[in-house]
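Noted in TrEMBL for the protein shown:
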{"type": "DOMAIN", "residues": "A:7-121", "note": "domain 'Response regulatory'"}
{"type": "MOD_RES", "residues": "A:Asp56", "note": "4-aspartylphosphate"}
{"type": "DNA_BIND", "residues": "A:134-232", "note": "DNA-binding region"}
{"type": "DOMAIN", "residues": "A:134-232", "note": "domain 'OmpR/PhoB-type'"}
Protein chains: 2
Amino acid sequence: METVNKKILLVEDDPNFGIVLKDYLSMNDFDVVLAKNGMEGFEKFKKDNYDICILDVMMPYKDGFTLAKEIREKNEHVPIVFLTAKTMKEDVLKGYKAGADDYLNKPFDSEVLLMKIKAILQRKASSTLADSRKFEFTIGQFQLNSKLRFLKFKDEEPIKLSPKENELLRLLALHENDLMPRELALTKIWRDDNYFTSRSMDVYIAKLRKYLKVDESVEILNIHGEGFRLVVKTEE
Amino acid sequence: METVNKKILLVEDDPNFGIVLKDYLSMNDFDVVLAKNGMEGFEKFKKDNYDICILDVMMPYKDGFTLAKEIREKNEHVPIVFLTAKTMKEDVLKGYKAGADDYLNKPFDSEVLLMKIKAILQRKASSTLADSRKFEFTIGQFQLNSKLRFLKFKDEEPIKLSPKENELLRLLALHENDLMPRELALTKIWRDDNYFTSRSMDVYIAKLRKYLKVDESVEILNIHGEGFRLVVKTEE
DNA sequence: TAATGCGTTTAACCTAACCTTAACAAAAAT
DNA sequence: ATTTTTGTTAAGGTTAGGTTAAACGCATTA
């Protein structure tokens, strides 16, 4: 059987190093697309689907962090690994906040990177693919397009959603009529579960309720201490 | 808010470093169990469920790799992070082969570890396995949904149940027509068995009886000094 | 460099939900 | 008859959540 190779987006400004790494990964059965800065990286990311992104941090024309943020807005799940010469703690933390999956300090052994990539892809394979690519939802009389971040009611003008509004409503929709645990939203969207992120989430719930009010058959219920439930009353 | 903290198994032979790390993680809302070698680590692992394991590599009485393999045999999914002083490539590779999720070289910044842990748990949050707990019960003409915490009588509006009401009714339902010992409910739900918790439970029994009153075929009987019995009279 | 706009967080205030405790009554056991 | 256990209701205190508005941070524009 011929398995399709995994696709890697490699963004690295040092041309020598980039080529060497690309060749090494290609030899190990990956399809590698090389971009030489953040700008180019984002263009290439938009044009194709990648299984994993490997980003250099320090680059001209958009650094790795900025690129990571943009990638995360487009795709919540694609694994991101940072490469960096710096060992600055702040940078590492910044990287994780930007949604990194892993971090590798230069110089590193290419074989180690390879193992990391394999480990990450393996993890991803075992986790649910189901929800990772679903972007369109029907919620009562609404249409949610989570990729383009808008919510449309019947034929009215679509409401633009902010990233957080969008992700939260999407999570609720993925669990329609079922419990969407607080904790899940906090870890997946806010990347931290504490008092403040929790209150922030409540603010967003209020915003969503406001949007959804025009359709009486749709509502967001609270399950005290557990989370929320997006219910769609099916007309009897 | 009563979110249950994530549990970390930390296996580290250096007592000073171990304690410091444990305290740091505890301060950040993790429940940390510290073991001081591989042997002890495995014993503790078997006795409880952990959300993540952090293992030192070089330890007396069973090293980190061996421990990781044993843990993997018991649990395929629990994330494992290695800590090591060595930068040996072979060790890193060995670690990934043993099923590591991540790798951190000493000395490392504890804040970095914290971010790594959060990143890993966040990844895991998406693949939350369906809880094998039983959540739905039919009690006479009632439907109890214990996950969404409501009790529905025929086609009427569901009654929302509080966590305690819900857990108690669920326990009774699990023992339908049979004795549900006081002590069981007190230890499982109240986590303490004393005069006050016992009286509190009686209050909840009264509340449940009120809810269940609309269906004559269902009632909660007391077995003096023993516990309660949820009986459903099968129509003759 | 300041002003503006946008998304998000934090603060503030209020209500609802929840749990415990107390009080008293009734039933069961001793 | 007295003690212990249970039934029930109501009061009190604590925490979670609903909501609005102000503050903040960041990027873009003037």
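All positions are counted from 1 along the displayed chain.
Cβ coordinates are placed from backbone N, Cα and C, and glycine is handled just like the others.
Since we're looking at a predicted model, the values are computed, not measured.
The average per-residue pLDDT of the prediction over the domain 'OmpR/PhoB-type' (A:134-232) is 94, rounded to a whole number. Cβ neighbours of A:Asp56 (4-aspartylphosphate) (same chain, under 8 Å, six or more residues apart in sequence): A:Val11, A:Glu12, A:Asp13, A:Asp14, A:Gly64, A:Phe82, A:Leu83, A:Thr84. Remark: secondary structure over the DNA-binding region (A:134-232) totals 39 helix, 29 strand, 31 coil, with classes taken from DSSP.
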